[in-house]
Amino acid sequence: MQTVIFIGIFGALGCLCRYYLSGWVYDIVGRAFPYGTFAVNIIGAFLIGLIMEFSLRSTLVSPQLRVGLTIGFLGGLTTFSTFSYETFRLLEDGELLIASVNVLTSVLVCLVFTWLGIAAARYI
């Protein structure tokens, strides 16, 4: 039951962080490109690498907390569904280049940031 509570609490926090962080990014740089979604997914990619690598190498993070942070917080923070919808809308609007850049940069940059998170955890 503790795991479910962690998932719920951290999930709510992750959703709120996504809402405010992506909104803040859009306020700064505009909506010509899905920058807000891009930003939260990059942050989430780094954190999943960091949290998973650190928690699997250390006893400081309980399995319940790890699940709460990854499934809960990062599940609420990151969003594949919004990424998919925004990309689809770009395609529908005839913005093939922007949609392609979104897909390629999102996947590649998120993989790099996951690796950076893993590397950071190994350094700690």
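Cβ coordinates are placed from backbone N, Cα and C, and glycine is handled just like the others.
Quick caveat, the model's predicted, so the values are computed rather than measured.
Per Swiss-Prot, the features are as follows:
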TRANSMEM  4-24  transmembrane segment
TRANSMEM  32-52  transmembrane segment
TRANSMEM  68-88  transmembrane segment
BINDING   Gly75, Thr78  Na(+) binding site
TRANSMEM  96-116  transmembrane segment
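When Cβ distances are compared across the two stretches, the transmembrane segment (4-24) makes no contact with the transmembrane segment (96-116), since fewer than 3 pairs at least 6 residues apart fall below 8 angstroms.
Note on Thr78 (Na(+) binding site): other Cβ atoms within 10 Å of its Cβ, all shown chains, come to 22. Gly75 (Na(+) binding site) falls within a helix when secondary structure is assigned with DSSP. Around the Cβ of Gly75 (Na(+) binding site), a 10 Å sphere holds 18 further Cβ atoms from the protein chains shown.
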